[in-house]
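Trainee: Handing you this structure, nothing more for now.
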């Protein structure tokens, strides 16, 4: 007797999906949420540098200058730069003994 005759092969019915209530609204909603979660996770991993850099630094740019005349923009830049510039005479040299 051959060994091949003793081996059982799976029938087609065993490989089919056994979920009879896959049209249940809860199952459909869970599937949609799962797919959306996967898509968002992939996008997050692909663009995380852009997204988090925009959130971290994009909100700290200061007031928008859209619609402001160029002369006022230049004046604002000069005020900001003068606030940053420091005269060397203001520093105090402290020597520790």
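Glycine too: its Cβ is placed from the backbone N, Cα and C atoms.
Just so it is clear, the model here is predicted, and its values are computed rather than measured.
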Trainee: Tell me which range among 23-43, 44-64 Swiss-Prot lists as transmembrane segment.
Mentor: 23-43
Trainee: Work out how many Å separate residue 50 (S-palmitoyl cysteine) and residue 41 (site 'Seems to be involved in pH gating') at their Cα atoms, rounded off.
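Mentor: Cα-Cα, rounded: 14 Å.
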